[in-house]
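**Q** As listed in TrEMBL for this protein:
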type: DOMAIN; residues: 112-293; note: domain 'Malic enzyme N-terminal'
type: ACT_SITE; residues: 135; note: active site, proton donor
type: BINDING; residues: 188, 443, 487; note: (S)-malate binding site
type: ACT_SITE; residues: 206; note: active site, proton acceptor
type: BINDING; residues: 278, 279, 302; note: divalent metal cation binding site
type: DOMAIN; residues: 303-556; note: domain 'Malic enzyme NAD-binding'
């Protein structure tokens, strides 16, 4: 059921070019094929009943009179014909009646399983309202309760029991032409910790954003959870837990399973499938990225995506405040995946701007972990990813004393611990700087280092503030401040689209810098006055097309692109390759 067929199945974005990154527009889902008639199935069927249960082709009450006759739908639907806009209006009205965000999440997931195009139309047209529902913070709660709200599988579950059979499992997925895989092992879901197999909500959520914000086809996206057990005692005792009831596998057993998985992915889907690692524990995240970034098209959103979006915010903030990146002093609270990833990308950008070696530019960046400031005298006891940040300084125990000693211009929180930017810390930043830049990046909202209101109030409106989870605008002294959200959703959809349209075979740091610069260039200077350093999310598809074009241009420049010849206008090309959620007319 549900194959492509028709002229739209040929070729790629415009029906003329070859397949993008090895995958053609099988279902006629790209913008450039919108006006073509398509056949909603490849086999003839005796009843339209199945068509109404196929989320890719179902249009519900929007089927026309002609389509109802042609596809045996007469009598299976009420007589009124509602167009897509009216359906969208009705569902948004229903969603707004729900007081509990988790109910909205469940209603949206139901819609995705029933009518894919309407789900994405809803998400694209109401992105600012619905993003906090399909992603952070609501997705965190959904993962915590995934065992109770689980309806039907939305991706692949691979567990330790499947060792030696992973290639077989990949072949069980109905789609053959996969372009992006988002994979988690559930060990560090947002700031909520080990949720084991219930972490599946994260790959599902991320991939719905790849489609809505970056225009990748839903049929080309595959969410995967690798279940190696959980150390979460509550889950192990929960009768509704859907995963393996055992402690997490580590060491060789873990490495062998992941290695089998990465090799099977390449064997089944080829060299150009993007594997995005998501919410792995620190120790594994760094090792996996180091191990596979040179053999696969692999990317870690927590390390690299976060870094790219934060760097974009800093470039943009400095346009508002004045000064160069290399003139700043950075202090991080949190030295895990996000903290060290951001720090490294900032050091690379400073090195690029000043031509100084990265070993030199790292000295402008200081990190604080649970034991205090990371300094040279602690070198022996540090994990390997913290070692580049151990500079000469006497030991300092607290964040407040570190702020006083280092005198940073930028304070960045990536600790996963809420309320750690105390009044004293924020006031110290304000006393040191005319316009302190304060980024409280930990998710979900409950884990944010401080709230937007606290940042603006404690600095008397001086702070340039952004956070990982959304905060409402703040009124202070008669002025409205709009906090930015340093949301990875600004970066990864455009980055993924850029890698795919260029047929890239590796992710290079230069591409991440190109993505950051492209995002910063889309910020609107008129908004700086309100403190908003990121562009409005309502323009996200346009922003993603620009990021994709910059990333693709870098891939061509570095000789990592395989989709030749290079399209003349990469922005236009990226836009033409984007998935369209508009209903198609069926023969």
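Every residue gets a Cβ built from N, Cα and C, even glycine.
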**Q** Given the binding-site residues 188, 279, 302, 487, tell me which ones have a C-alpha lying within 10 Å of the C-alpha of the residue listed as 'active site, proton acceptor'.
**A** none
**Q** Which is it, of 278, 279, 302: the one of these binding-site residues whose Cβ has the most other Cβ atoms within 10 Å?
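**A** Of the binding-site residues 278, 279, 302, the highest Cβ count within 10 Å belongs to 278.
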**Q** Measuring Cα to Cα, how many Å separate residue 278 (divalent metal cation binding site) from residue 487 ((S)-malate binding site)?
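**A** Cα to Cα, residue 278 (divalent metal cation binding site) and residue 487 ((S)-malate binding site) are separated by 14 Å.
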**Q** Using the Cβ center of 278, 279, 302 as the divalent metal cation site position, which other residues in that chain lie within 8 Å, going by their Cβ?
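**A** Along the chain, the qualifying residues are 184, 188, 189, 202, 277, 280, 285, 300, 301, 337.
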**Q** Across all the protein chains here, work out how many other Cβ atoms are within 10 Å of the Cβ of residue 487 ((S)-malate binding site).
**A** 26
**Q** Relative to the Cα of residue 279 (divalent metal cation binding site), which of the recorded positions 135, 188, 443 have a Cα no more than 10 Å away?
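**A** For residue 279 (divalent metal cation binding site), the recorded positions whose Cα atoms are within 10 Å come to 188.
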**Q** Report the mean pLDDT of the predicted model across the domain 'Malic enzyme NAD-binding' (303-556), rounded to a whole number.
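**A** Looking only at the domain 'Malic enzyme NAD-binding' (303-556), pLDDT averages out to 96.
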**Q** Roughly how many Å lie between the Cα atoms of residue 302 (divalent metal cation binding site) and residue 188 ((S)-malate binding site), rounded to a whole value?
**A** 10
**Q** Express in Å, rounded to the nearest integer, the largest CA to CA distance found among the (S)-malate-binding residues 188, 443, 487 named in the record.
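**A** Among the residues the record ties to (S)-malate, max Cα distance equals 18 Å.
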